[in-house]
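Student: Got a structure for you, written out below as structure tokens; questions coming shortly.
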């Protein structure tokens, strides 16, 4: 939300500065603001990660981490979708100024208002995306955001082909920018959810994809003239289409598998054994119940998470853990042997 608020206030402030200075003065102002931010980062920000949790290894370890991350289809898909949609966003940032002012004749203040409207949509829909993820899941929210981007890109392409009025391009840009805001939280979450120990490295790849693909797309908007609408529509449409293809090829798999469920009593056979080859101890007392996994062929049993295993005092057969509350067992008709 803060980023969206800054995007709203920035153009408004720039429009007012344009009244008293030229473009050189604007860049001098930006240089001064950047120097202040750099000084604040050097003085105020400190490393918060404890020393014992920091990783070393230098460039080689970083390269291994990169290879590990890009080998994961889920991570790679989230990164590419982020990059392609931000390519559409950067195309808007680089071309909207010339299109709205050169083609439609908006003043700097009028463009600032139009840009502020899109930034407001970015802020509001970025906040709403978190709520949507709670109701429709991360992947559902991502699909909604991509659909909004596709609608905006289609509107821009139609505006370039049919020379539609100003309201058409304003609404299309609003849909595109708001859709990018909706996709940002789920793509970031999907990329980082399996790599908490590599959060910094994974975040750096997300940022690289955003700005690298955005930097490649931005110059393409001006290939047919600075104020031409059609190149803007083509670049945004191609970028969103690539995001859709990436989603269908890399993110259409099942979501994270649920945790395995513990074996239940009704899974016991009439003789009292578990179908998967798990044998329970005969003597059940209050406290933890040990479950022996015999070295016999058959599928492995499901592990019950978050409980420490109980070592067996007499032999080295593997033991699994079971809940601390005793489980009711059927009476066994006779003593079994291996």
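Glycine residues also receive a Cβ, built from the backbone N, Cα and C atoms like all the rest.
Worth saying up front: this structure is predicted, and the values here are computed from it rather than measured.
According to TrEMBL, the record shows the following:
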- 1-251: domain 'Major facilitator superfamily (MFS) profile' (DOMAIN)
- 254-275: region 'Disordered' (REGION)
- 297-338: region 'Disordered' (REGION)
- 25-45: transmembrane segment (TRANSMEM)
- 74-99: transmembrane segment (TRANSMEM)
- 111-130: transmembrane segment (TRANSMEM)
- 142-160: transmembrane segment (TRANSMEM)
- 166-186: transmembrane segment (TRANSMEM)
- 198-222: transmembrane segment (TRANSMEM)
- 228-245: transmembrane segment (TRANSMEM)
Student: Using a Cβ-Cβ cut-off of under 8 Å, list the residues of the same chain that are 6+ residues beyond the ends of the transmembrane segment (166-186) and lie near it.
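Tutor: Same-chain contacts beyond the flanks: 4, 81-82, 85-86, 88-89, 92, 96, 99-100, 104, 114, 117-119, 121-126, 128-130, 132-133, 138-139, 141-142, 144-156, 158-159, 229, 236.
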Student: For the transmembrane segment (228-245), give me same-chain residues lying six or more residues beyond its boundaries with a C-beta closer than 8 angstroms to one of its C-beta atoms, as numbers and ranges.
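Tutor: Tertiary neighbours of the transmembrane segment (228-245) are 80-81, 84-85, 87-88, 91-92, 95-96, 99, 103, 146, 149-150, 152-154, 156-161, 163, 169, 176, 213, 217, 220-222.
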